[in-house]
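Novice: Taken from Swiss-Prot, the feature domain 'CP-type G' covers 63-221, and the record attributes it to sequence analysis. The GTP binding site feature in Swiss-Prot is assigned to T112, K113, K114, D115, G164, Q165, S166, G167, V168, G169, K170, S171, T172. Annotation source Swiss-Prot lists Zn(2+) binding site at C245, C250, H252, C258, citing sequence analysis.
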Amino acid sequence: MKTGRIVKSISGVYQVDVNGERFNTKPRGLFRKKKFSPVVGDIVEFDVQNINEGYIHQVYERKNELKRPPVSNIDTLVIVMSAVEPNFSTQLLDRFLVIAHSYQLNARILVTKKDKTPIEKQFEINELLKIYENIGYETEFIGNDDDRKKIVEAWSAGLIVLSGQSGVGKSTFLNHYRPELNLETNDISKSLNRGKHTTRHVELFERQNGYIADTPGFSALDFDHIDKDEIKDYFLELNRYGETCKFRNCNHIKEPNCNVKHQLEIGNIAQFRYDHYLQLFNEISNRKVRY
């Protein structure tokens, strides 16, 4: 038996990496009976006849899992936003962050296309990133000339997953980091101001101290797994300041003696972050129940 990590999955064939050697495997029928499917990122135990024929016998317990796209055992989710084409959006960024925290993922922020961004817009984005840094996020704002290899190798060890909407430059970033990958890229649609999907599946690529993965771009975010009363926990500063609210289950909206509302009034919480919290709270509150 061998133990390795699934690095690629296409049409029911799972490519497993063991110390740089890759094996094509399939899951045993036991998984189908249990209605359980391995995903990229899983640590698995498998037997092999040769590099093109192996069978997965066991999937080890996942420490976390992103559902869309399915990836497990993520150490850091890098949320990739572009400064322009498509334009930087704090609302979209906050929604990505909520998704990340709902799956117990450590998140950091990467903004691309600095070289295509007017100076005034660069200043505006830098000021916004300072707000996120004060909340506790690590951020980068990069252009075409920045050394991707230096950036990636400075990130923490383990599995790094790049995630973001289509057209923000995830595949371009990886091509600069590892030119031999030659990943397909595409410009954004001029009419829709969003990118076309060029990455169609998740694949892990080796890096000095772990793996890095590109993921298919998002066209929509799914919050079906999140309850309205959980959302405040996924806005880190609201969660932190909310610990001293009068009521333990305070949602920071109309409740009396709310420390979050107090911190908002004195400027310790950014108004746009609170507004995005309210928007998402109301959106999920008004969500139709699915049967």
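Any Cβ shown, glycine's included, is placed from N, Cα and C.
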Novice: Under DSSP, is H252 (Zn(2+) binding site) part of a helix or a strand, or is it coil?
Specialist: coil
Novice: Of G164, S166, V168, K170, T172, which is closest to H252 (Zn(2+) binding site) if I measure between C-alpha atoms? They're all binding-site residues.
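Specialist: So, spelling it out, the nearest of the binding-site residues is G164.
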Novice: Under a three-state reduction of DSSP output, how is T112 (GTP binding site) classified: helix, strand, or coil?
Specialist: strand
Novice: Could you tell me the mean pLDDT over the domain 'CP-type G' (63-221), as a whole number?
Specialist: 85
Novice: Nearest to G164 (GTP binding site) by Cα, among C245, C250, C258 (binding-site residues)?
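Specialist: The answer is C250.
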Novice: Distance check, please: Cα of C245 (Zn(2+) binding site) against Cα of T112 (GTP binding site), rounded to an integer number of angstrom.
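Specialist: It is 38 Å, counting Cα to Cα.
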Novice: Would you count the other C-beta atoms found within 10 angstroms of the C-beta of T112 (GTP binding site) for me?
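Specialist: I get 26 for this one.
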